[in-house]
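As given in TrEMBL:
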- ASN9: site 'Discriminates between blocked and unblocked aminoacyl-tRNA' (SITE)
- TYR14, PHE66, ASN68, ASN114: tRNA binding site (BINDING)
- HIS19: active site, proton acceptor (ACT_SITE)
- ASP93: site 'Stabilizes the basic form of H active site to accept a proton' (SITE)
Amino acid sequence: MKLIVGLGNPGKEYEKTRHNAGFIALQELAKEINANKFKFEKKFNAEICIGEFNDKKIILAKPQTFMNESGLAVQAITNFYKITPENLVVIHDEKDLPIGEYKIQTNRGSAGHNGVKSIIEHLGTKNFVRARIGVAPQTKEIKDTSDFVLGKFGKEEFKILDEVTQKIIEEIVKFV
């Protein structure tokens, strides 16, 4: 069994923000694997849906804890389903990568991402797969990180995000 977590913040006001790139990508992955509809599970404080790919059960999760406490939900899910960190993929925004780029890596630190930091702290390991989605502008420097990541994607950025999301899904499907 695999657990794929998309990071973001709950609530309509955050729906199309850069910080919710993980939620956005996870929604697309759910469609790709014909997973059931996301449903809030109180015991995890997360929206969960379950799908199958290559005869393997896949749990998709969107923590509803807000970004900085994502580890609480991930820990609850991994404990309940007895999922080891090696069977975990976390999809999240990456302000240090330009929009249109992504990296899939294992066994890395948080690089200042508070959601990833929370997961590492709660699981006691960094030995899980991370799909880092670039959200940085290609032309200018980020002055205020918080304002930037909580800002909404523009129309052109969404087109680029869609393309990158498809590439990431292809990579993640190989992991499953």
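For all residues, glycine too, the Cβ spot is worked out from N, Cα and C.
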Q | Subset of recorded positions (ASN9, HIS19, ASP93) lying within 10 A of ASN114 (tRNA binding site), CA to CA, in sequence order | A | none
Q: Work out the three-state DSSP category of PHE66 (tRNA binding site).
A: coil
**Q.** CB-centroid shell, 8 A cutoff, tRNA site TYR14, PHE66, ASN68, ASN114, site residues removed
**A.** ASN9, HIS19, THR65, MET67, GLU69, SER70, GLY115
Q: For TYR14 (tRNA binding site), just count the other CB atoms lying within 10 A of its CB, please.
A: 17
**Q.** Long-range Cβ environment of ASN9 (site 'Discriminates between blocked and unblocked aminoacyl-tRNA'), under 8 Å and at least 6 residues apart
**A.** THR17, HIS19, ASN20, PHE66, MET67, LEU150
Q: Check ASP93 (site 'Stabilizes the basic form of H active site to accept a proton') against DSSP and tell me helix, strand or coil, would you?
A: strand
